[in-house]
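Single-structure report; data block below.
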Amino acid sequence: AAAEEEEEEEESDEKPSKKKGSNGEETTKKKRGGGFTKLCSLSPQLQEFVGVPELARTEVVKKLWEYIREKDLQDPKNRRNIKCDDKLHSIFRVDTINMFQMNKALSKHIWPLEVDQECSSYSPPREKKQKRQKEEDIEPKRKEKKQKGGTTGFLKPLQLSEAFIKFLGTGETSLSRADAVKRIWDYIKLNDLQDPSDKRIILCDEKLKELFDVDSFRGFAVTKLLTAHLTKMEE
């Protein structure tokens, strides 16, 4: 019970204007959930970890905790402390990190796709909450949000520009935005186009320069650069 009270206090710190009371709590959750289920752009390190270039912050946190539990990286003496293996070290650059530091550190790796979008202030998951959400209604809620257009747009096939079709050279004329971004990153990695002194910077070869019309760009700009090459298909 003490732990639950502590959790409630932490949550109320986030939104001081919303205190206890079932109606107020509901409103807070709805308000917060909307922003954190929106897709965000991920740093190259996080992309490497989760396997996709864009993801909602809630999903990033979920995948991190799945990995931490699978690899048994929580300190048995204090389960709020996480021992970083090589994969986590590449993201957080420390040997150990606690839940709250991890949440803060993630803000450097998750960027909004839209100007008015929030991706940076999500409360870290708690042990009890994680278990309760898994057992109860987290999946139905996620499906509902997808139906409202959260992730479906990211996975919907889009028409490719002539320049992008030529770049791919596979004859494909449509791809989802997720696949299109993945293809660019596959190409970047295959041709070793990341700046050795700063992996966030991509140095364009002739082929990539022809597609994007720039000499270099930051990794998280791939999605923006692809916008001109992806259009909605006629339904």
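Just so it is clear, glycine is given a Cβ too, placed from its N, Cα and C backbone atoms.
What TrEMBL says about a protein is an automatic prediction, not a curated fact.
As annotated by TrEMBL, compositional bias 'Acidic residues' applies to 1-13.
According to TrEMBL, the feature compositional bias 'Basic and acidic residues' maps to 133-142.
Look at TrEMBL and you will find 35-112 (among others) tagged as domain 'DM2'.
Annotation source TrEMBL lists domain 'DM2' at 153-232 (among others). For the domain 'DM2' (153-232), the model's pLDDT averages out at 89.
Among the features that TrEMBL reports, region 'Disordered' is placed at 1-38 (among others).
The annotation region 'Disordered' is assigned in TrEMBL to 119-153 (among others).
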Q) By DSSP, how many residues in the domain 'DM2' (153-232) are helix, how many strand, and how many coil? A) 42 helix, 21 strand, 17 coil
